[in-house]
């Protein structure tokens, strides 16, 4: 077999510098392209820790970012795979977050808010024209190109972005950030490009008064507010906002996505395209003061999550931040991205690996079996007479003395599989295992057992760490008409079902 040459293009062409940010499986560092001296931001993903699903998402993000070339979008310049790592080389944006810049300004008006949202709408319109839905528009993803006055707003982080055909509406999964989720996503209805416009409405509302339109300590009540479109323009802060600004917000925060304003339509709205004559130029000190508090809350939430990640308690952090609808939770986590889009696919992944394990058993392939099982596999099974079995030796006996010596065809069906996902790297599956085979006289036989298996993902691979099987223990003495290891007197579990 020919050897594969390992790519070292990133290592050869780029020099890495300080860390700019960190995620669960990635780190962002400043880098320089050695031949040109040009500086960039490198997102470095540890691919050894990624599941097949994560690899697909990485490929999707790179594909989308390569497609989008716009002054108001952080541009991807290079995408390089090396041994164990993938490098995404982006624009180096040095201006920080838009919302942090606003509170540092001496003067901030409605006209400034109009200019900000115009740039955001330009980026969203470019995405939509190219069949891309961002799905996670929020202040954290709105950056400034530099610290210079009048620097361009740049839309960042396309990790949740999806590709759509035209005005396609479909269920792409529950994804986004709680305070910015649209009613159709919360209703679990088909959705598409309009979800980004709803988020733009939330952002514009905050830009004008410094606090969000939807807010509640209880996440269930927050979601009820959003689904009902229950927001208003309270006095006195909204009294000084022009009717045209409120009109644009109303058009963006329209519950029915079919009637919601599009990005291209919003760019033609008088408050945007006739800013100099329509938008107020009055300084909004109250907005700046409220926005400072809003930013402080966001930073506190981010610091809490970072601490959880640093203490390697990421699963616990995600379980806290990803409560299901109806669970009481402070919206202090409302700037944290949620993604449940691939729950169905992840459950199918568990069913598939369970089927692979059973196939290894049926084939008497102990080598394949050990690759799928944790070396410290624990099990409760009838043959152990109520004792907890640990390790592979107990199972090795059946492979060496029955399974590998059997040449009879075996067919196994998994019935009614129920998968429980426990965080990102653990799952439990319960199912009925139906096994068909031919007995010594050539007659078809079927046996049934009820099984539960616990799976844990390590380095991107699922391993069975525990299982529990029902049934009666195999009787060691068998009638002569039945081949060794195939069935006991009562027709209960055969040796190939002991593992």
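Placement of Cβ uses the backbone N, Cα and C atoms for every residue, glycine included.
Going by Swiss-Prot, these are the annotated features:
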- 136: active site, proton acceptor (ACT_SITE)
- 287: phosphothreonine (MOD_RES)
- 306: phosphothreonine (MOD_RES)
- 307: phosphothreonine (MOD_RES)
- 315: phosphoserine (MOD_RES)
- 318: N6-acetyllysine (MOD_RES)
- 319: phosphoserine (MOD_RES)
- 330: phosphoserine (MOD_RES)
- 331: phosphothreonine (MOD_RES)
- 336: phosphothreonine (MOD_RES)
- 404: phosphoserine (MOD_RES)
- 490: phosphoserine (MOD_RES)
- 494: phosphoserine (MOD_RES)
- 283-292: region 'Autoinhibitory domain' (REGION)
- 291-301: region 'Calmodulin-binding' (REGION)
Integer mean pLDDT for the region 'Autoinhibitory domain' (283-292): 91
Length of the line joining the Cα atoms of the residue listed as 'active site, proton acceptor' and residue 287 (phosphothreonine), in Å: 24
Per-state residue totals over the region 'Autoinhibitory domain' (283-292) - DSSP helix, strand, coil: 8 helix, 1 strand, 1 coil
Residues that sit under 8 angstroms from residue 287 (phosphothreonine) by C-beta distance, when 6+ apart in the chain: 108, 207, 208, 209, 210, 237
Cβ atoms near residue 136 (active site, proton acceptor) (within 10 Å, other residues, all chains): 24
